[in-house]
Amino acid sequence: MRRTAGTAAALAALTLLGSSILTGCGTEKSESSRRGAAALTGVRWTPERVTHDGRTYSALPGSRLTFREDRAEGSLCNDFSSDITIDGTKLTVGKTVATKRGCRAEDGKGDHPFEEQFLAVFTGELDIVLTPDGKSLSLNGKGDDSLALSAPQPTPEATASPPDPDAPTGN
């Protein structure tokens, strides 16, 4: 009986030790996750086109998309924001909210299809494909669905310089 109690105590201690070790696993960001996030964040991406259900749509002029650590914000015709998670080469897009103003098609008949198609693809898990120079980005979804973005521009926050403490103040 005494041997069973000792074995049970040792097993309980090992179980607690194992669970405390595993509790720490997965809570920190992996190196590939940090690199993936760093490659996307801090720049303003320009959507170029969306391919959805076998058709390709050109972007509206002035379209933009910016990624932050846990959020994507942009403007196609309407402004939108989405909850996101970046993990290595995977982007997971969660809840999206958008304004709803009319976005006329180029021929003036009905709404422009780009925004609807973009948001249809910009959901769920997407593969991140970034060119080596970092100037073109593809977000690939199910089947042939994809978003093509280009010409990243630094966001104002990324390019702002801290004030020079030695600069004259004009007094």
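Heads up, the Cβ atoms here are built off N, Cα and C, so glycines get one too.
Automated prediction, rather than curation, is the source of TrEMBL annotations.
TrEMBL has this to say about the protein:
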- 1-24: signal peptide (SIGNAL)
- 38-145: domain 'DUF306' (DOMAIN)
- 134-171: region 'Disordered' (REGION)
- 162-171: compositional bias 'Pro residues' (COMPBIAS)
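A mean pLDDT of 91 is what the model gives for the domain 'DUF306' (38-145). Helix, strand and coil residue tallies for the domain 'DUF306' (38-145), in that order: 12 helix, 56 strand, 40 coil [DSSP].
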